[in-house]
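For reference, TrEMBL has these:
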- Cys6: active site, nucleophile (ACT_SITE)
- His112: active site, proton acceptor (ACT_SITE)
- 253-279: compositional bias 'Polar residues' (COMPBIAS)
- 296-317: compositional bias 'Low complexity' (COMPBIAS)
- 346-356: compositional bias 'Basic and acidic residues' (COMPBIAS)
- 1-173: domain 'Josephin' (DOMAIN)
- 253-356: region 'Disordered' (REGION)
Amino acid sequence: QEGSLCAQHCLNNLLQGEYFSPVELSSIAQQLDEEERMRMAEGGVSSEEYRTFLQQQPSVNMDDSGFFSIQVISNALKVWGLELILFNSPEYQRLGIDPINEKSFICNYKEHWFTVRKLGKQWFNLNSLLMGPELISDTYLALFLAQLQQEGYSIFVVKGDLPDCEADQLLQMIRVQQMQRPKLIGEEAAQSRDQRLPRSDMDQAIEVNHPFDGTGILDEDEENFQRALALSRQEIDMEDEEADLRRAIQLSMQGSRRSELSGSLPQNMPQPSHSSQTDSLSSEELRRRRQAYFEKQQQQLQQQDQTQNLQDKTTLNSSTPEPGAGGDMSEEDMLQAAMNMSLESVRNHLNSEEEK
């Protein structure tokens with residue numbers, strides 16, 4: 001589409017040929033302007049209405065952008081014996097005609113015009129903003145027109161016999177299928193601009209240092225594979241470390257049990273050299289020796305606590321003035337003597353245990 005000459009493209013798409021040029025449509029618009037000016041002048045060229053018409057509306061049928069009014073399009077079609085009827089007018093609605101039984105429609109929204117026409121036995125959207133014709137199914141035609149009305153389009157039914165065209169004759173014999181909707185011209189141009197945009201110095205440097213030869217994708221896949229393999233190995237190593245740790249704990253526990261058993265035995269008794277000797281001991285004997293070991297450990301802890309308390313008491317007593325030589329024994333001296341006796345009893349008991 002060139003400029004805003006959508007009305008010209010709309011007419012030529014309807015008639016399927018280069019029948020109208022911008023010059024011809026401009027001539028029709030000027031003729032309509034002159035007719036309107038003459039009607040306004042009938043009220044007097046000096047009237048306020050006439051001067052306002054000339055100043056504010058020099059032309060309502062065309063402008064410098066290439067827009068043409070519905071009056072221009074209607075007059076252009078009269079040359080071919082065609083007539084425009086408003087699709088949603090009460091007169092047309094009373095006829096109750098199914099849109100599928102019509103031949104063509106002209107649609108207008110603001111300054112844009114396009115044609116919807118039946119070629120052969122199929123309907124096509126011949127919008128000049130598209131890269132090519134858009135196929136419209138029979139079942140979708142009514143919905144398509146209703147959608148245009150909701151978007152604010154004015155729809156006109158073209159009444160009359162359209163001139164013969166090669167496309168209509170060809171599509172009378174065959175039916176076409178469209179796999180993909182044609183793109184908008186602006187969309188295609190935007191993609192073309194993106195492809196033509198100059199690349200930055202960084203992109204060019206990357207391409208020079210790493211030219212694309214198809215190996216980049218393979219290198220990335222290889223890198224991902226190596227990363228996954230490393231993670232898998234790490235997980236296996238962690239599992240092996242956990243297994244080793246569990247085995248070490250089990251061995252340590254077994255070693256502690258053996259040390260407990262060996263410690264509970266008398267020192268003058270020979271240590272078993274084979275696990276069968278340990279198995280020969282009865283469970284009651286093992287329990288008794290283990291209990292004796294624990295009791296011995298507990299006595300040693302108690303002895304350490306008593307010794308520590310005794311040392312603390314002795315330090316405290318050394319800082320207290322001693323009583324007179326001729327005086328009676330004080331309560332602290334009596335307590336000290338009792339503790340010494342208890343300590344001596346514990347030593348004797350331990351000595352007897354060691355002799356056994």
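Backbone N, Cα and C define each Cβ position, glycine as well.
The two recorded residues the residue listed as 'active site, proton acceptor' and Cys6 (active site, nucleophile) have their Cα atoms spaced 6 Å from each other. Contacts of the residue listed as 'active site, nucleophile' defined by a Cβ separation under 8 A and a same-chain sequence distance of 6+ are given as Gly66, Glu111, His112, Trp113, Phe114, Ser128, Leu129, in order along the sequence. Taking the Cβ of the residue listed as 'active site, proton acceptor' as centre and 10 Å as the limit, one finds 17 other Cβ atoms among all the protein chains shown.
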